[in-house]
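Okay, so here's the structure we're looking at.
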There are 2 protein chains.
Amino acid sequence: MICPINRTHNPNLRSWVESANQKDTDFPIQNLPFGVFRPRNSNNSRIGVAIGDRILDLTACCQTGLLQELSQELQAACTAPRLNQLMAMGSRAASALRDRLSQLLRADAQNPPLESKILYSMSEAELLLPADIGDYTDFYASIFHATNVGKLFRPDNPLLPNYKYVPIAYHGRASSIVPSGTAIARPKGQRRSSGESVPSFGFSQHLDYELEVGFFIGNGNQLGHPISIDDAEEHIFGLCLVNDWSARDIQAWEYQPLGPFLSKSFATTISPWVVTLEALAPFRCASFQRPQEDPLPLPYLSSAHDTKLGGIDLTVEALVCSEQMRVMGMQPLRLSRASFKSMYWTLAQMLAHHSSNGCNLRSGDLLASGTVSGAEAGTQGCLLEITQRGSKLIQLPTGEVSSYLNDGDEIELRGYCEQEGYARVGFGECRGRILSTS
Amino acid sequence: MICPINRTHNPNLRSWVESANQKDTDFPIQNLPFGVFRPRNSNNSRIGVAIGDRILDLTACCQTGLLQELSQELQAACTAPRLNQLMAMGSRAASALRDRLSQLLRADAQNPPLESKILYSMSEAELLLPADIGDYTDFYASIFHATNVGKLFRPDNPLLPNYKYVPIAYHGRASSIVPSGTAIARPKGQRRSSGESVPSFGFSQHLDYELEVGFFIGNGNQLGHPISIDDAEEHIFGLCLVNDWSARDIQAWEYQPLGPFLSKSFATTISPWVVTLEALAPFRCASFQRPQEDPLPLPYLSSAHDTKLGGIDLTVEALVCSEQMRVMGMQPLRLSRASFKSMYWTLAQMLAHHSSNGCNLRSGDLLASGTVSGAEAGTQGCLLEITQRGSKLIQLPTGEVSSYLNDGDEIELRGYCEQEGYARVGFGECRGRILSTS
């Protein structure tokens, strides 16, 4: 079931952390996303909560007794070096913690605690991966993306016959998931140009980004025990942004018959703050409305509640800034803006499908949506689509033209929910810059 | 480089553990594979070494000072609850440990230690997964398997153009890897029969095994830093058997365009003992001899040393025992017997390819070969091949006939190296039984 709206969503709440009250912040008191950070000059990672331009240190909160009304188990989870333990405690525990943190950070909190003891400035901290990610799965849940990509390879038959029945996905590589800000080395690999009969090995010339939304498993399931669609959201801790970097030339040559492998496994960047499903409650919406001619989802993927509220009205964007643009002090150029509402499959459908064969999902596992694209121009979530497989060029404000990513290019993803009557909830940074190969 | 033959391989060595001196044991003193076990009536897992029908408890060895000549770091790794730390120390440390254990277990050891303090009977122990497996990758390295399977789907064009250039692989699911003996629940999923226009959801009717060889990463590599083919074997800790259970009906419907997903992720069974590359040194052989017309491997997959000694003369088998066969006390029926010599790609080529894009491999990661099949009848490593996609039936000694696995069927994999002048080195058990769905 979907989290209900409660007092933590009250749009009138303000925080004693002043920067959290600014209109354009990603992290107002109504958001309270969880992450893992390391204070500069420390070797210890700890759990924090983003509030304005600050990080609330949950270890310090526990040590100063500010969370003493919570269970011992929950306090222990808050002082762990990663979110996995907290994730494993399930949505009720996370909700109790959120409520307590909301009370603590309110402008009218009684005895507001000493800032210096429990808050870090974001600039004083390094943000790390929020969880030990056991397995990473990447879906293909945008029918617009699947159709756009399909058209490039099979103009007469863009969408395969299974698409409207199966939430298509593949296993990704967990080891190479990196937090925002990590530099990305251009991968080498085998690629065969269209005119060549044999492949060669070298740097990918068709490096791309993919604009995706990820979600972390909270409480997992035992092997052999599927999670029903009605229970699925209870097993989701929260969401982040995902840039599933892709080397299209390597992918085209390697992917038959077992799917993408080295074209993806060199790096995947995620945003470090995990926005809980509870924080997103005000922005839930109907799932994608299937055209009349489309089949209904099979019963194990079907739920009246999910149809009604399984979507999320979340806007996602991708922006590029080239080396030259940075030197000239230019703003990044937006390449993609799409809505997560337009996904053919909901989070609950992806999760229920994933576990339907008995596969065990573990706390901290990451599932991603696949590229978020829409039908209109400007909504395509990767360069493969935007440049029509490299045949069209993108023009940057410097006059540079390009079909894929160049050395020095930085891709930044953004995500935010905005709705009349509610505070804006944002996802923070998801950046990665392509290292020079020379 | 390949481990040299040394005194631990001496075929004349005998152990004071009598069962290790029997001719047909998988675990003579020349083998010494590592695993993780839990003594019955204990909650603590610990590292052990198989010797005959016993397990040498490395924690007890450390506690009684038997390993005191080894470094503190190595002793700490030996008393860890999983092999990851030992794996991370690299092949030199593992070799030093092996040498010490060989000395300790020799029939002529000075002051042979008290058996009761350091040995468990295998029947008193539960064998667990040897390592925390961060990522699992499954290759497709048998050209005979790829050709046999390709023929079933594309009779005119069985082998795709990339096969002889790219060691094809896909990311597998790490969470559902289980040790030998774990019962296997038949997965449910979407499948569409050939006569149907829409899929239905239910138990897989085409459940299959895959006879594979796996290898564990020892010392890993940093993201962005490929491992060269000449260094590759230094990063391999050891080998095991892998049964990559596959639901062929689910696979046929789901696998386009991103490869197998739920058809594989419900379970993968591995043998619990990790046979080190050093133990296999006497059985190294030339890699697969490519026919004249085949392309040479690209330079990053090419090494004179690997061509000369990159293969392993390892025989692998798969056997089935149905419920009725068990009731009637019958021996299992062999379905497959093939040689790992016949693989198109070597371990070093698979590993070098995997890291060639900069992907980081971590200690304890599992890479598997894909189904080991040969060209002749009886060498096909899965039922898909043996029954020609279910069109031919297998006859069991009870008179039962079947094209895929039935409830109650148990699949057992075996692996062993035998060569004149050397002690037999075996892999032990890799079993799994299909649970009843009724």
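Counting starts with 1 at the first residue shown.
For all residues, glycine too, the Cβ spot is worked out from N, Cα and C.
Bear in mind that TrEMBL entries carry predicted annotations, made automatically and left uncurated.
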Record-annotated substrate site (TrEMBL): member among B:Tyr140, B:Tyr163, B:Tyr165 besides B:Arg154, B:Gln251, B:Tyr255, B:Thr371: B:Tyr140
Of B:Asp244, B:Asp249, residue recorded by TrEMBL at the Mg(2+) site of B:Lys264, B:Thr268: B:Asp244
Matching residue for the Ca(2+) site, where TrEMBL names B:Glu210, B:Glu212, B:Asp244 - out of B:Asp132, B:Asp135, B:Asp138: B:Asp138
Secondary structure content, the domain 'Fumarylacetoacetase N-terminal' (B:30-130) (per DSSP, counts of residues): 41 helix, 24 strand, 36 coil
Cα-nearest neighbour of B:Tyr255 (substrate binding site) within the listed recorded positions, B:His145, B:Glu210, B:Glu212, B:Asp244, B:Lys264: B:Lys264
Inter-residue Cα distance where the pair is B:Lys264 (Mg(2+) binding site) and B:His145 (active site, proton acceptor), in Å: 17
Residue pair B:Tyr140 (substrate binding site), B:Glu212 (Ca(2+) binding site) - Cα distance, angstrom, rounded: 10
Rounded inter-Cα distance in Å - B:Thr268 (Mg(2+) binding site), B:Glu212 (Ca(2+) binding site): 11
Other CB atoms within 10 A, centred on B:Asp138 (Ca(2+) binding site): 27
Spatial neighbours of B:Lys264 (Mg(2+) binding site) among the binding-site residues B:Arg154, B:Asp244, B:Gln251 [C-alpha, 10 Å]: B:Asp244, B:Gln251
Residue, out of the binding-site residues B:Gln251, B:Thr371, whose Cβ gathers the largest set of other Cβ atoms within 10 Å: B:Thr371
Environment of B:Asp244, B:Lys264, B:Thr268, the listed Mg(2+) site - residues of the same chain whose CB lies within 8 A of the CB centroid: B:Asp138, B:Gly172, B:Arg173, B:Ser176, B:Glu210, B:Val242, B:Asn243, B:Trp245, B:Ser246, B:Ser265, B:Ala267, B:Ala368
